[in-house]
Every structure is written in C-alpha cells, then in structure tokens.
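Have a look at the structure below before the remarks.
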Amino acid sequence: MQFENTREFAQQLDAQDPLSEYRDEFIFPRVNGKEVIYFTGNSLGLQPKSAQKYVDEVMKDWAELAVEGHFYADKPWWDYHERFSGKLAKIVGAKAEEVTVMNTLTVNLHLLMVSFYRPTAKRFKIICEEKAFPSDQYMISSQVRFHGLEPDEAIVELKKREGEHHFRTEDILAKIEEVGEECALVLIGGVNYYTGQVLDMKTITEAGHQAGAFVGWDLAHAAGNIELKLSEWNVDFAAWCSYKYMNSGPGNASGCFINKKYHGRKDIPRFEGWWGHNKDRRFLMEPEFQPEPTAHAWQISNAPILALAPYLASLEMFDKVGMPALIEKRNKIVAYLEYVLHEIDKDVESSFEIITPSSQKERGTQLSVFLHGEGRGLFNFLMDKGVITDWREPNVIRLAPAPFYCSFEDMYNFGQILKEGILKKQVQG
Ligand SMILES: Cc1ncc(COP(=O)(O)O)c(C=O)c1O
C-alpha cells in the first residue's frame, strides 16, 4: 500500500480499520486536556473500561459472601485461575492444559528453573542473550549461584556481531552447537525488549533440543503481541507478564506454559503448594501432594482474585477479537509509523535510525528508534506534548502502537510533534 503522510490519509486508514471501535474501550490519560498518544503498551497497557466492572464484582462478592465467595460467587474463586487457561492458550498457541496463571514473571521463571535447570557436573551451562532484561540476568545468575556454580563459567551469552543491532539465528545455532553437551538450558527473551527483534523460536528450540538441553522462553514482550505456537514448536516452558500488551494492570499476574509432556512426570521436580494439589481433594487437607494432571500442578498459593479480575476483563476482549486480527492491524500501523518516521527524517537535519528489524516476520508492535544527534530534551518535549514513550540509554526511544487502542491518526500526529521538537532545537541551536 502506498502511504501518505497526511492527516486525511491517516483518517482514511482509521475509517477502514475493523478494530477502530476498540479504542473507545480503553481509558486514555490526558495531557493539557487532550488524550495522549500512547506508545508504552509494551511497558504497561492502558486500562480497559471493563476492568472496573470485574473488580467491582469481586469486591461485591467479598462484601456479600465473604469466605463463601470461594464457592458461591458468580465466578467462584477456588478455580478462578482456570478461566484463564483456554483464553491464554489461544494467545500463545498451546493446549489449555499447558497454561496456567500465577505469581509474577520473574518468580515464575525461578520456579520453572527449579523444574528445568538441574545442572550436572557435565551439563551445567545456560545460554541466554547478552544484555537480557536485567531481571532475567539477576534471575539466571542467582540460580547458577544457588547450585554452587560460578556465573562466569555457567552462563554463556549470545552476542550480536560488532556494529549490528540484531542477533543472527545462524550465530545462535552455532553457539548452541558449540556448547553442546554442556548445555543444560537455553533461556532467551522471545522478543528482545530493547530492539523489538523477534527471534526464530521454532528453529532455536529445535537446536536446543538437538543439543540435549531444555528450552524456555521469556515472553514478556511477545505474549499478546506476536503469533506464538508454543505447543507446535515443542517449547519446554515459557512465562510472560500480562501488564504489557495484555492490559491487565500494573504488576499483575504472569502466565506460564509447561509442555504437556512434563505433566505428571515424577522426574521433573517442582516447588509445590496446595493450589497445585488435585482440585477435587484440595480441601481435604491430605498430607501427601497429589498434583493436578495439568500445568496447574505448578500453582502454589491460592490465587489473588482482585488482581486477576482486571486481567480476565482484558482477556475477554482478546478472546473476542483474536490474535490474527490484532496482528493484521499491528503490521499495518507499525508499517505506517515506520513510513512516517522516514518521511520526517527527510525534513530534519539530525537523523534517526530504526534499530528494530524492518521485516514484519522479525518484529512485533515495537519500533526502537536511535535518535542520533538528539538528547533527552526531545524526549521531554514529546512527553510535554502528550506523547507517552520511553527512553533507554543511549538515546533510544521505544514506540509500541498497541493495535487495540492506537490509531493511524496518532501516528500522523506523532510525526508532526516529533518534527516540531527536532526543528525547534535546530532553530535554537
Ligand atoms: C523481558 C522481561 N523479563 C522480565 C521482566 C520482569 O517482570 P516482573 O517484574 O513481572 O517479574 C520484564 C519486565 O518488564 C521484562 O520486560
């Protein structure tokens, strides 16, 4: 499609957008009385209007039923978490029984490593990406130290080539082969949080298995953003947070995928608690743990219903719209944003470089832009003008136009504000 950098053209795209009505289902913060242009759905998604109703419902049940709410609430609390499995499974390409919702992301990755990182004298190395999200770095290092090993010896970081912004699949495969029999686990972010690069999870998972290792994925930036086929790719485990593209609310619960082949296996250890116990016998308070025959066996504590309520509200919307429609709009709006950026770049002296891959297959909703010759002043200017984006050292802004609620006109308006900010600085010298 031939794009145009005009308001009329952007409005035309909005008029043709089958998801445009969903914008009104979200609450936008305001700056100077105007709704913001929200680019940080990759950090914290906007609040769906329906979230309040779901929270109110739990508050009401708690007030009116108190402990009886566990069984007699409209959505009983004792198995509330089970409502998530089918809906999340569609989002991550899994079977419902392979998915559960619990805790938070880093906690779940730790718990999954209890099951899938069991180093031996020979096989003890973890392959992860260089400059992984800091929480993952701390998590992996502390796991290694917990097993009495040295991070320097046990952690192998995948590197980008000098001067390049992206990991090359061939380099990742070569590293997995090189580590070979020493490799216990491959654990990488499926979508890189900094550049937005989508890794070839299918091929990397196969290679990890070829080397005899377990393969897990941190899907914080992938779930609700890109197409995932965790079952088909034979991934061992994965976890993601829900407060980014899944609009569940700050710090909300994480989802986990545990491949069906590990359910009920006695040789896969787990940290256990009563919520993973056979649900029909959970309240019999028996001394011996009898695991649920699904991913719910990894549950430990009773679920935080008040937190899960807005997450469920959001998932209902995902279920209604479906990932294919979201991905179709995402591809178009990201391509339009990319086009607008290139058009603005022609009109200004300083240049910016998009460090996210240009191919749709290798990117999702996020474009990371290196602002050569610009400083934090431009970021502050954007924020003052109601463009909510984020800043990463050195000089990178990340723009993630979530397809649920961002419009094509937002992209056009953003381009105009960006140009104004850059030209203003150039005039001021
Ligand atoms: C890639 C990645 N991993 C891990 C985390 C940590 O998430 P949590 O604080 O929910 O444990 C984040 C948070 O943004 C993230 O982006």
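Keep in mind that glycine also has a Cβ here, set from the backbone N, Cα and C atoms.
Same-site candidate for pyridoxal 5'-phosphate binding, as annotated by TrEMBL with LEU105, THR106, PHE133, PRO134, SER135, ASP136, ASP218, HIS221, TYR243, TRP274, chosen from ASN32, ASN302, ASN331: ASN302.
Ranking the binding-site residues PHE133, TYR243 by other CB atoms within 10 A of the CB puts PHE133 at the bottom. A straight line from the CA of PHE133 (pyridoxal 5'-phosphate binding site) to the CA of LYS244 (N6-(pyridoxal phosphate)lysine) spans 14 Å. Recorded residues LYS244 (N6-(pyridoxal phosphate)lysine) and LEU105 (pyridoxal 5'-phosphate binding site) have their alpha carbons 12 Å apart, per Cα-Cα distance. With a cut-off of 6 Å between Cβ and the nearest atom of ligand 1, the recorded positions LEU105, TYR243, LYS244, ASN302 reduce to LEU105.
Listed in sequence order, SER135, ASP218, ALA220, ALA239, TRP240, CYS241, SER254 are the same-chain residues at least 6 apart in sequence whose CB falls under 8 Å from the CB of LEU105 (pyridoxal 5'-phosphate binding site).
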